[in-house]
Amino acid sequence: MMLQISLVVALTFCLLCVSTSLSCDNATDYQLHGKCCKKCKPGEHLVKRCTTSSPTQCSPCRTYQYSSQNNEEITCRPCSNCNMLHLVYKRNCTATHDAICDCAPGYRCKSEPCLACEEIPGKNITKIGSTSQTSSSSLGPCTSLVTDKATKLGDQQTGHVTHNNEPPSSVWFSLFVIVVCCCALLICVILASRHKNGVRWARQRAKVVFGAKKPTAPHQCTEEEGKMPVQEECEKLQVETSSNC
């Protein structure tokens, strides 16, 4: 009985030693469930890991994606975009290799890998006032295009200044403000005249309604007025006063 137990223990120990001594090639394999499983090949990505009864399942990379090494990644890497400013494709992207970008003529890469460009100092500059459209041989041939600033500066130095016949935008803005102010002033004058006529009409109506003459004070008769007797003159004045009221 003791012998059987010893054999079982020894066998278990041997199995443990074998499992711990299992080594896989990290470049192409990965270890799982006590065995070495194959990684996905370049141009593929992992779909399902291996099991005790099935191998690793992989799938090809999608468009504009790539994987350049054996991997166990779930997705492939996105390709570099060379459609940015001043960038051009030096090599297109494939399932196994990323795209390689380069700069357009007259520009250079800021860093590696080339993902942004900067203008090379001294490129595309022509000598002002000369008829030659090429630079020194050390800088290589330049383009025949002359910038607007260089042209304007050359015109100023030679005394030929180009004038723009079109008025600046500030002039149009000033004219617009003047027209608006004139229209506003005209509207104010019209409203003021209407208001004045309305006040005049209201005053006339008030005179019609409330314009009865105020009764005048009765004339005091004196003995010095006329040759008529005092009593007769006073009666006449009283009659006139009552008729006016």
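Note that the numbers count up from 1, one per residue, in the order the chain is shown.
Here the Cβ of each residue, glycine as well, is placed from N, Cα and C on the backbone.
Of the cysteines listed (Cys24, Cys36, Cys50, Cys58), TrEMBL assigns Cys58 as the disulfide partner of Cys40. The disulfide entry in TrEMBL for Cys50 points, among Cys37, Cys61, to Cys37. The disulfide partner of Cys76, as annotated in TrEMBL and taken from the candidates Cys61, Cys79, Cys82, is Cys61. Beyond the domain 'TNFR-Cys' (60-101), the same-chain residues lying 6 or more positions past its ends with a Cβ under 8 Å from any Cβ of the stretch are 27-28, 30, 39-46, 49, 107, 113-117. Just so you know, of the disulfide-bonded residues Cys50, Cys61, the Cβ with the fewest other Cβ atoms around it within 10 Å is the one at Cys50. Distance between Cα atoms for Cys61 (disulfide bond) and Cys37 (disulfide bond): 20 Å, as a whole number. Cys58 (disulfide bond) is surrounded by 19 other CB atoms, counting those within 10 A of its CB over all protein chains shown.
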